[in-house]
Amino acid sequence: MGRLGPSNGLLPLLLAVGGFSLVQAQRECSCSAVSPGILAGIVLGDLVLTLLIALAVYSLGRLVPRTRGAVDVTRKQHIAETESAYQELQGQRSDVYSDLNTQRQYYK
């Protein structure tokens, strides 16, 4: 198989946009080259660490009890037992709407 590396045209193009030539970039850099094995190890280590963090958050999230939802359910049951949410009908009451008839005359 072929050697892994950047494409022949992409790296000089990116360096030209940045104002460097390929020769200048290699001369000015006093760092060692990173082998593909080291790079793959860094990427795989990052993936494993990310998965471990996600699993830890998930497992700790399942351990925490959901008290808020349980309190709401018991509170709703308590209200339902003590009083009705609806007012009982008491027949026809004209005194409730009698004020509306007097106010209607002012708007005509």
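Cβ from N, Cα, C; glycine included.
Quick look at what Swiss-Prot lists:
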- D46: Ca(2+) binding site (BINDING)
- T50: site 'Important for interaction with transmembrane receptors' (SITE)
- 26-36: topological domain 'Extracellular' (TOPO_DOM)
- 37-57: transmembrane segment (TRANSMEM)
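In the predicted structure, the topological domain 'Extracellular' (26-36) carries a mean pLDDT of 73. DSSP classifies T50 (site 'Important for interaction with transmembrane receptors') as helix under the three-state reduction.
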